[in-house]
Amino acid sequence: MLPIITYPHPLLKKRSEPVTLFDEELRQFLDEMYITMLAKNGVGLAAVQVGNPIRALIVNIPDEEGNQERENLLEIINPEFLSKEGEIQFNEGCLSVPEFYEDVTRFDRVRLTYQDRYGERHEIEAEGYLAVALQHEIDHLNGILFIDKLSLIKRKKFEKELKKRQRASL
């Protein structure tokens, strides 16, 4: 299992680099990301969250029973949005911002192009929860956290909670 870095780690604010080598090392890394995401009860994980600032992420939305089957796993490398439409409010959390959840406004429908673990190009259209998860993880690749999208009042609430937790852990 890979260690997850948490806010305010400076790597989380860095733009990730494109993947150019689609080799066995990358595939093994993606497998380790999947194991880590499941162990931490996540639905998505960007490579930068485990300390590797490359443009790679995984998303696995649970089914109705809460299962995250391997065949439903999306491995998204070098993503580029083609279109974004609509608006949705979604209560988000993040493995790199533990124990904090807040409503974030996102696009409701997205279309993007990406490469898979072998470098093959694909296109996907997503809406609702999947669209939100993809935007959240792609934001990580651009050095953006969901807390960066909060209103000033909600951001201050987060900073206050963070300071409180930091004092409690001393």
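Cβ from N, Cα, C; glycine included.
The following features are taken from Swiss-Prot:
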ACT_SITE  GLU137  active site
BINDING   CYS94, HIS136, HIS140  Fe cation binding site
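The structure, with features from Swiss-Prot marked on it.
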{"residue": "CYS94", "record": "Fe cation binding site", "contacts (Cβ under 8 Å, 6+ apart)": "PHE100, HIS136, LEU145, PHE146, ILE147"}
{"residue": "GLU137", "record": "active site", "contacts (Cβ under 8 Å, 6+ apart)": "GLY44, LEU45, ALA46, LEU57, ILE58, VAL59, ILE76"}
{"residue": "HIS140", "record": "Fe cation binding site", "contacts (Cβ under 8 Å, 6+ apart)": "LEU12, SER16, ALA46, VAL48, GLN49, LEU57, SER96"}
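The DSSP secondary structure for CYS94 (Fe cation binding site) is strand. Listed in sequence order, the residues GLY44, ALA46, GLN49, GLU92, LEU95, SER96, VAL97, GLU137, ASP139, LEU145, PHE146 complete the 8 Å Cβ shell around the Fe cation site centroid, once CYS94, HIS136, HIS140 themselves are left out.
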